[in-house]
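What TrEMBL annotates here:
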DOMAIN    8-197  domain 'Thymidylate kinase-like'
BINDING   Gly10, Gly11, Glu12, Gly13, Gly14, Gly15, Lys16, Ser17  ATP binding site
Amino acid sequence: MTARFISFEGGEGGGKSTQIARLADWLRGRGKSVLTTREPGGSPGAEEIRTLFVTGAADRWDGVTEALLVSAARRDHVMKTIRPALAAGTWVLCDRFADSTLAYQGYGRGLSLEMLKTLQALATDGLTPDLTLWFDVPVTIGLHRAAARRGTEARFESLDTGFHERLAQGYATLAAAEPARFRRIDAAAPLAAVEAAVIDTVAARFPDLG
Ligand SMILES: Nc1ncnc2c1ncn2[C@@H]1O[C@H](COP(=O)(O)OP(=O)(O)O)[C@@H](O)[C@H]1O
Ligand SMILES: [Mg+2]
């Protein structure tokens, strides 16, 4: 079967980065070639932009600059990494993609969703994930987990709870608008249960996986 493109979405601390590696292992066990990648980043140029994006003070960039930075990084990632991988028959698992821009800069920061969608058409070159796993976790639990892991890339975690609540609501709205693409994962569950839910969801979505 053709290689698929799966994005992992949701707020901080839902377990996206933890589970992406586990799903990759599971798919490799089924004989698939798999690339795990992340946004912003995933190509040399985009990783340089990532450093600008995720470090420093919470108000380092205004919302529009943020949207432009991450969209430039996404364009590079799609053209240099994701499209070539899919063309070579490699499954691509991506830790955040265009929905993160709608959620963070749109619902979180309050930028125009229409403007952001126009920008995403350019950034993604029209590429849409075959499946988007939405890691839905209550804000307090997610931030608590993220705090335990905190490194230098904590610029968004330091934003107020209202931002994170708007973000969570934004993901719910995005998922409801595109039920064919989104699947909700109950990310408040224990690690092993989340892993099982991810695998069940992927197996159900792609029944010819083997
Ligand atoms: N289901 C879970 N239950 C408890 N802790 C978890 C769970 N999933 C992830 N964690 C822990 O929470 C922290 C954040 O997980 P991470 O995968 O980095 O989330 P994300 O990438 O969605 O921000 C990590 O320390 C991770 O080990
Ligand atoms: Mg992560």
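Any Cβ shown, glycine's included, is placed from N, Cα and C.
Annotation: Gly11 carries the greatest number of neighbouring Cβ atoms among the binding-site residues Gly10, Gly11, Gly15 [cut-off 10 Å, Cβ to Cβ]. Proximity of the binding-site residues Gly11, Gly13, Gly14, Gly15, Lys16 to ligand 2, judged by a Cβ distance under 6 angstroms to any of its atoms, singles out Lys16 in sequence order. Take the mean position of the Cβ atoms of Gly10, Gly11, Glu12, Gly13, Gly14, Gly15, Lys16, Ser17, the recorded ATP site; other residues of that chain with a Cβ within 8 Å of it are Phe135, Val137, Gly142, Arg145, Ala146, Ala187.
Over the domain 'Thymidylate kinase-like' (8-197), the average per-residue pLDDT in this prediction is 94. With a cut-off of 6 Å between Cβ and the nearest atom of ligand 1, the binding-site residues Gly11, Gly13, Gly15 reduce to Gly13, Gly15. In the three-state DSSP classification, Ser17 (ATP binding site) falls within a helix.
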